[in-house]
C-alpha cells in the first residue's frame, strides 16, 4: 500500500472516531442522565413502599442499574471525551499532560466500565434468583441494605485493582499511550481487556440471561401475581441489555485479539490496523450509550417514567419563565 492510500485510510479512521464519538457522547450523556433519574425514583419508590409503579417489594435490580448508569455517565463524560480529543482531533500527548491523557484516563475508563458490567451481571443474577420457581433460590436474593454493601465492595475492589493500570500507562516515543511494563502488558491485554471486558460478561450474561428467559416463559403460564408484570418488564430490560453487551463485546474482543496476535500493540498504528483499533474502541462505549434507548424502546413502565420526568421539567421551566416575566415587567 502506497503512502497516499495509507494517509487516506488514516484520515478516514480519525474522521470515524470524531463523528461516531460526538454522536455517542451527546446521546450517551442524555440517556444516562435520564437513566439515573428513573432508577433513583424507582429505588426510592421501592423503599417507601409506593404502589404506583406496580411493585410492592424491594428490587435489587434498580440499585444495580442505578450504579451501572452512574458508572456509564462517568465513562462517557471523561474517557470518551478524551478519546475524541486525543485520538480523533489528534491533540498532542506530552509528558506534561500524561496524568490526564493516559494515566487517569485509562484508570477511569476501565474502572467505570468494569463497575458497570459487574453491576449488570449482578442485576441479571438477581433477576434469575427472583424469577426462580424454587424457594431456596429466591431466598438467595439479598436485601436492599446488603445489596448496597455489595455495590460498595464492587467499587472498592475494582478501583483498587485498576490502580496498576494508571501506574503503568506512559507516553510513547510516537506520542501515544502505552503500557511501560512488558510483563504487565500481557496481563492487561489478556485479563483486563479481553477476559474482564469481553469473555467473562459474554459467558455470564449468556448463561444467566438464557436461564432467566426460560424461567419467565414458565412463570408466564402459571403465575398471575400483581408484581409479575413489573418483574417481567424489568427482566426483559436486562435480557435486551445482555444481548446488546454481547453484540458490542464480540467486535471489541476480536479487534484486540487481532492486534495482539499480529503484535500491533504498543506500536504506531497505521492504515487498516488503525480502523480496527477505532472500531474496537467505539464498540467498547456502545453499551454505555445504548442502555437508555434499549430500556425506553422495550419497557412501557420505563417510558412512562421518562415522560413524567420530562413533563415535570417542562412545567418547572414554564413556571420559572412566568416568574421571570413578572419580575422584569415594568411598574405602571
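Glycine too: its Cβ is placed from the backbone N, Cα and C atoms.
Per TrEMBL, the range carrying the annotation transmembrane segment out of 130-149, 150-169 is 150-169. Pairs of Cβ atoms less than 8 Å apart link the transmembrane segment (185-211) most often to 106-129, out of 16-42, 106-129, 150-169, 274-297. Between the transmembrane segment (150-169) and the transmembrane segment (106-129), the number of CB pairs under 8 angstroms, six or more residues apart, is three or more, so the stretches are in contact.
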